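Below is one structure; the comments refer to it alone.
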Amino acid sequence: MGSSHSSRSLSLTPTHSTKHFYFSPSKLYPNQNQIRNLINFKSHPFLCSSSSSQVLPLKCSKAGEFDTQAKSLRTMADVHGIDRELLQEMVYDALVWSSLHGLVVGDKSVKRSGEVPGVGLSHSPIALLPGLFPGTHWNQACELSSIFNELVDRVSMDGKFLQESLSRTKKGDAFTSRLLDIHSKMLQIGKKEEIRLGLHRSDYMLDDKTKLLLQVELNTISCSFPGLSCLVSELHRALLGEYGKVLGLDYRNVPENYAANHFADVLAKAWIEYNDPSAVILFVVQAEERNMYDQHWLSVNLRKRHNVKTLRKTLAEIDREGVLRSDGKLIVDGQAIAVVYFRAGYTPRDYPSESEWRARLLMEQSSAVKCPSISYHLVGTKKIQQELARPNVLERFLDSEDDIAKIRKCFAGLWSLDDQDIVNKAIETPELFVMKPQREGGGNNIYGDDVREALLRLQKEGSEEDGAYILMQRIFPSVSPTIFVRDGICHKDHAVSELGIFGAYLRNKDKVIVNEQSGYLMRTKVSSSNEGGVAAGFAVLDSIYLT
């Protein structure tokens, strides 16, 4: 959600005007009957403290006792009006469910939480209830998935287009330059990826003014949360299964989410296509990864559903332990590698030394299936997104006029900084634009008056750095009341959401084996926050309630 475009200026951090509650169970050692009741969503007494610091003991209450409120709460638009005691029950049940079902992340306050599994666990930051989303736009986003999957593959095969489109970016962005160097080396040696695997995520926002579903960005590397997003959908369906009648909501309006299973299934199919039963799937990970459990869900599914083993290594470890055999096979820590699945390598922070770059090149030179290959990675850059939005460019890669029209309909305005008229307009009205660098993850984009300052600075310096950025139309999504739960603290605020549609694509030579929509990710943040990203600390995990 690093490309979110909301327009307000509040903070996710609770303030004196934000209603928030701190939860702690009053019985630390429940008996077996109590545990059974917890699993079945029967809440237990706990203490709730508000910002006034008054501590009130709460009695155990059944959801049925709130029938009077059910008459007034009929849609998610009234979630801030939920009775206080009912709200506390729901939050308590949500925290229990998250703990029991693995909806967890590493606690950043615990030093080893990103290194050792099971150390310093915390529930994932979540929205207590799913967010409203129109069914027509949901269907549109799902339909686009297979088209974008095919588009990524076709663009990746046009090495000349990638190199030329990113030539100015290369001069202004050192990270993209290094990626292009690897890509260029693969072109020079005639390296062909016969088996091509993509696990993508296309992110959208619903523009409040035009009511159009607009694409924020297309991610082709390290698309996070296929594991945890499934659990959030399950959590919301379970909560509405228990409290739905009281809230006037139907759990069946929350779409089921099978992203973790789908991604694992497609990784396994790529492993089969590689045709080496002794080989394993390599997860390329960061040294400290507090989101490791999202990744472990894929590993567990690969082993449980397909009996495929996985190996987790950092780029530095791959450099130390990796060997490229004369037949092109990649060996890491003595294991033959069939598939390389990147959950790192998308940011300059992942390459602190030449060791990491050597590892990336080593893997790219190998015969292992890369997810993504260097060409797929480059297709996901902001500059390529902007180039594809130019007139007549999609026609270079897609044959169907209908598919082209569907993609163009979801494109927001995208411009190069070569367009002086647009640059001038952005300087005059910076609030209508977002300035994007070639970076993944939250916290990178430039908004508001900072857009004007950055553009004026680039004009004054007259350097090649402007090639590292694009300008994008700012999307103004609708704002909805939301209940956030982070670190066991519940608070109410107004929020905007971003829908990510997972897509999977697998091709062996001319045969397309998989091209499908593979689940979804909903991320929600306070309406004031420009940036997004759950791992970056800006957003929470959510699901959707179809309207």
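Counting starts with 1 at the first residue shown.
For all residues, glycine too, the Cβ spot is worked out from N, Cα and C.
TrEMBL labels come from automatic prediction, so no person has curated them.
As annotated by TrEMBL, substrate binding site applies to Arg201, 221-224, 289-291, Gln295, 343-346, Arg523, 534-535. Within the same chain, residues at least 6 positions away in sequence whose Cβ sits under 8 Å from that of Ser222 (substrate binding site) are Phe342, Arg343, Ala344, Gly345, Tyr346, Glu440.
The ATP binding site annotation in TrEMBL covers Glu217, Lys382, 436-445, Tyr447, 472-475, Glu498, Lys525, Glu531. For Glu440 (ATP binding site), the Cβ neighbour count at a 10 Å cut-off comes to 22, with all displayed protein chains included.
Sequence annotations record features per position, and here TrEMBL assigns Mg(2+) binding site to Glu217, Asn219, Glu440.
The domain 'Glutathione synthase substrate-binding' annotation in TrEMBL covers 279-379.
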Secondary structure composition of the domain 'Glutathione synthase substrate-binding' (279-379) [DSSP: H/G/I, E/B, coil]: 43 helix, 26 strand, 32 coil
Average pLDDT across the domain 'Glutathione synthase substrate-binding' (279-379), rounded to a whole number: 97
Surrounding CB atoms that lie within 10 Å of the CB of Ala344 (substrate binding site), all protein chains: 20
Among Pro437, Tyr447, Arg474, which are recorded as binding-site residues, the nearest neighbour of Arg290 (substrate binding site) by Cα: Pro437
Local Cβ density at Gln295 (substrate binding site) - other Cβ atoms counted within 10 Å: 22
Candidates Asn219, Pro437, Arg474 (binding-site residues) - the one closest to Gln295 (substrate binding site) by CA: Asn219
Fewest-neighbour residue among binding-site residues, criterion Cβ within 10 Å, set Tyr346, Tyr447: Tyr447
